[in-house]
């Protein structure tokens, strides 16, 4: 009985939701179009009252009989029209996205991109039915506002190791593969156009090649959207994704080349040569622009320790500037953006605070999500809206040729590449790479940029068909195919310290073996680069003592912090971490003597402490005055579940003492509040700032408790010993806790970073 | 591994090729290098290795060199340390870094994995007792971090301790407070590095191509 009700409730809930979504959709669409109509059609009438009310004061002396009542409520849509509509569209897009994830089962079968295109089609259809003009995917909007966040998100979080290891393969696929696609498709389409009876005689070779260059590039947005959901192994992911990023240079060059020449009419050998030179300039120039901005960004982040709040902005702005600067010179903006993100990341991450890192991560994810959603919806709307010229032969042959050329290209190139790879690409890998060659909105926008002609409409129709085919058919079927072929999935486990140790070990080992063999191979150069990085670059770009920190140490620190936070999180949500092995240090080192707790660097310590304090502490805090430039801690107020929380905290702290080895060898005399926590569920508050009086202990159960902050035993021997006398079996824990958590308290800190 | 080409005047290469799996080309190149390193003597000693300048900036140099003189890596189930090695032993040690061929079936791939992991295990287990104790593991981490200056002594120890804790947790799961974890056995080591994909990572590309570019 009890089970039926929730199930029925859920079903009725989802039905209600679906209904609600549809209604909302229609309402929003009608509001948008109605507002347009109102504004455009009735501008006159709306402006009149304004004019009248304005003129009124002037004419007041003349026409007292004319006096109008003061308008209590007026309507002035024109003022907010543009931002209002933009916000409305974005809101609609995001509500749709929300809806898909609430409705059960839909998101498992159909990838999100398909659903969003579907919604776009629907909205476009509705708008057209009303008779309004739908907003089209403006090229400038797309390339300047919608695309950069997605690429930056991808570039900033690019897995460098995998990318570099497979760089050769990726480059071959990106450059040679795309070139092959362009010429094959362009050439074959030209051949098709020559067939009598297809009415395509007007299409010349250069136009065909131009079309080929637009349609053959694998699209990063579509690849990301689809591959994100299927979780295949890192190798395949980086191959397809890396290819989609790096082929931008080829696309840019070829597109401009063919566009120039389709006006000129003929191509000479010199032009072709110039094209090749242009390719190198575009790609390498783009990368260089990105690297310069990346270094600037890293250098700037070195000095931001006093203004933590604006740190994320530097990352975003420098990257965006890199993209725009590259676009100024017609260099490859995508490669510039990627290079900037890759260059900046290791140094920026060593410099910025943890909160800034989280901010960057979430903002990037958020923006790229919004962009992606908007792109797909606009794609759907533009499909319905745009002028179409449907030509069966052309479209069908385009789709078929795209598939064929992709398959042939991948097979042929893999055959050559496998001769140089250690880990060969299997047939399954090749299939996934070929199948993952999705086309997307970049092709559409490039097509939109073409000069208006009869051919443009036909091209656009064909491009849209290919995009729809790849996104719908290939996007929907790739997941079951991956299951069917049992392609290796992404490794779910997180990196352990052992793996990190052995990764480093292996790097050095292989470098050594290469040196013994006398061969200057991969590892040799990688090692040289690392040493150069360590001696010169890091000193300039990383602030403070982090610049000399070896990678193993930073990994270890990061891991400790993560574990501390995980424990804190689980404590806050009321759940304890799932499976914790009961193995502790005692099992490994049965020495009777308490080992000296080792130290980690001071600033690290500070960070860890701040995090712990911010989440655990519940002292009664004097509220500070609100300041826009500071980040404040919110005191945690929960009197109800006090005892439960306290119990959990004991558990948590005991476990934390196993992981966290933060010492407190320094004697600190913080003149602030400290709270001592007793496992007997009694809370004592000390108020050092008011007391040379020593043992002022007020039992105070009402403020929710906090972290125990016993000072070093030597400082307050009487109290601690007294306390400890009460709980002899907890002595060890207290000792550990005292070593772990000596805290200057909340009032001293400037901001919680 | 390439077809067995009949090279006149090198019958011993046949034997070596069979034992190690290298092709004749590769054996020839490595032999040239061997002669270069040993100044045309018959056997290599530790000093010859120490003389390689590039190796000087490698933090685990001594362990790599020791690995060449460790009988356990000679594939003959021997034990102990030798003072000098001939070309055959040199080649046998090098053969651990050969990339696996493409169409290996699952068992063969597994045995390749074991072999490579055993090599690394032997490098860690310096006293030859079959387990990596906490001291030995600490030594490994200290060596890895030995080239970075200004490091506090205890950091390496704490990293090694955390790593050891992790191994124990993975291998043993649950232990009473008074039990003692002896050390990492080879089986634990295998389990630990299960996701590590060593068969594709522990390879030298050099041995894949026929190149005669010997620098230095």
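Note: Cβ is positioned from N, Cα and C throughout, glycine not excepted.
TrEMBL: automatically predicted annotations, no manual curation.
According to TrEMBL, the compositional bias 'Basic and acidic residues' annotation covers A:45-59 (among others).
TrEMBL lists A:719-729 (among others) with the feature compositional bias 'Basic and acidic residues'.
If you look up TrEMBL, you'll see A:90-483 marked as domain 'Cation/H+ exchanger transmembrane'.
Annotated signal peptide per TrEMBL: A:1-34, in sequence order.
Taken from TrEMBL, the feature transmembrane segment applies to A:86-106 (among others).
Look at TrEMBL and you will find A:113-130 (among others) tagged as transmembrane segment.
Positions annotated as transmembrane segment by TrEMBL: A:142-158 (among others). Sequence-remote contacts of a segment are chain residues at least 6 beyond its ends whose Cβ falls under 8 Å from one of its Cβ atoms, and for the transmembrane segment (A:142-158) they are 220-221, 224, 241, 245, 315-316, 319-320, 323-324, 327, 333-334, 337-342, 344-345, 360-361, 364-365, 367-368, 370-372, 374-375, 378, 441-442, 445.
Among the features that TrEMBL reports, transmembrane segment is placed at A:170-192 (among others).
Note on the transmembrane segment (A:204-226): residues 111-113, 147, 150-151, 154, 178, 181-187, 189-190, 193, 240-241, 243-245, 247-248, 250-251, 254-255, 257-259, 261-262, 265, 267, 334, 372, 375-376, 398, 402, 405, 436-443, 446-447, 450, 455, 459, 462-463, 466-467, 470-471, 474-475, 478 of its chain, located 6 or more positions outside it, place their CB under 8 angstroms from a CB of the stretch. The transmembrane segment feature in TrEMBL is assigned to A:204-226 (among others).
The transmembrane segment feature in TrEMBL is assigned to A:273-296 (among others). Within the chain carrying the transmembrane segment (A:273-296), a Cβ under 8 angstroms from the stretch's Cβ atoms is held by residues 246, 249-250, 252-254, 256-257, 318-319, 321-322, 325-326, 329-344, 541, all 6 or more beyond its ends.
Summarising the annotation, TrEMBL assigns transmembrane segment to A:331-348 (among others).
The transmembrane segment annotation in TrEMBL covers A:369-386 (among others). Remote same-chain residues near the transmembrane segment (A:369-386) are listed as 89-90, 92-94, 96-97, 112-113, 116-125, 127-128, 133-137, 142, 145-147, 149-150, 221, 224-225, 440-441, 444, 457, 460, 464, 467-468 (criterion: CB distance under 8 Å, separation of at least six residues from the stretch ends).
With a cut-off of 8 Å between Cβ atoms, the residues of this chain six or more beyond the transmembrane segment (A:392-418) that come close are 168-169, 172-173, 176-177, 180-181, 184-185, 188-189, 192-193, 195, 198, 200, 215-216, 424-425, 429-430, 433-434, 437, 439, 458, 461-462, 465-466, 469-470. Annotated transmembrane segment per TrEMBL: A:392-418 (among others), in sequence order.
Among the features that TrEMBL reports, transmembrane segment is placed at A:430-450 (among others).
If you look up TrEMBL, you'll see A:462-487 (among others) marked as transmembrane segment.
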Cβ contacts under 8 Å made by the transmembrane segment (A:170-192) with residues that lie 6+ beyond its boundaries: 163, 198, 200, 203-205, 208-213, 215-218, 238-239, 242-243, 245-247, 249-251, 254, 393-394, 397-398, 401-402, 405-406, 408-410, 412-413, 416-417, 433
